[in-house]
Amino acid sequence: MTKILVLYYSMYGHIEALASAVAEGAKKVADVEVTIKRVPETIPPEAFTKAGGKVDQSAPVASVQELVDYDAIIIGTPTRFGNMAGQMRNFLDQTGGLWAEGKLYGKVASVFTSTGVGGGQEMTITSTWTTLAHHGFIIVPIGYGIPEIGDISQMQGGTPYGASTIADGDGSRIPNENELKIARYQGEHVAKIAKKLKD
């Protein structure tokens, strides 16, 4: 059984929605077990609520040590100034012990994100790849494997690096169907590769 972790941070629910779609896609692949977890919140609860953060996220919180249990990890993070969110950064910064022992070496990884218009979706994904490369992950982009990536009939996310969604300033725009299709494709694509490598 190939084990896949969809690991995310979501403040307003955009990444949470993409994470569900990624997991849905991965579950299409036979003999694959998919788990969705989120990283711990670092913003004090009162401040998080005041900022409009989505408090009713059902995914359990992940621990750093459990990362070794998975064959593939698909990371979802919103953009913060062209980088991953601080909550994801804080979580990954705690993987030094795993790095020192090579515990994540050779595992599969992929990244998806949410940004504002011109917010750096590609930069966020590729800057997250840097951390993954230091661990020796096999990084899986999605290329142009799904036609929705090239759809210019509407404003949308989606890059050859990974799925994404465009979030407006007040968080009211939710992922559209094309963005969710791309996320499902990413999950399925990564699951197929992880399974092949494990077999």
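We count from 1, first residue shown onward.
Every residue gets a Cβ built from N, Cα and C, even glycine.
The FMN binding site feature in Swiss-Prot is assigned to Ser10, Met11, Tyr12, Gly13, His14, Ile15, Thr79, Arg80, Phe81, His134. The secondary structure of Phe81 (FMN binding site), as reduced to three states from DSSP, is coil rather than helix or strand. With a cut-off of 8 Å between CB atoms and residues at least 6 apart in sequence, the same chain places Gly120 near Phe81 (FMN binding site), listed in sequence order.
Secondary structure at Tyr12 (FMN binding site), as computed by DSSP, is coil. Residues within less than 8 Å, Cβ to Cβ, of Tyr12 (FMN binding site) and separated from it by at least 6 positions along the same chain comprise Gly52, Gly53, Lys54, Pro78, Ala167, Gly171. As annotated by Swiss-Prot, NAD(+) binding site applies to Tyr12, with the evidence given as sequence analysis.
Within the same chain, the residues at least 6 positions away from Trp99 (substrate binding site) whose Cβ sits under 8 Å from its Cβ are His134, His135, listed in sequence order. The feature substrate binding site is assigned by Swiss-Prot to Trp99, with sequence analysis given as support.
Annotated domain 'Flavodoxin-like' per Swiss-Prot: 4-190, in sequence order. For the domain 'Flavodoxin-like' (4-190), the model's average pLDDT works out to 95.
Pairwise Cα distances among Ser10, Met11, Tyr12, Gly13, His14, Ile15, Thr79, Arg80, Phe81, His134, which the record gives as the binders of FMN, peak at 30 Å. Proximity of His14 (FMN binding site) to non-local residues of its own chain (separation of 6 or more, Cβ distance below 8 Å) is seen for Pro78, Ser114, Thr165, Ala167, Gly171, Ile174, Pro175, given in sequence order.
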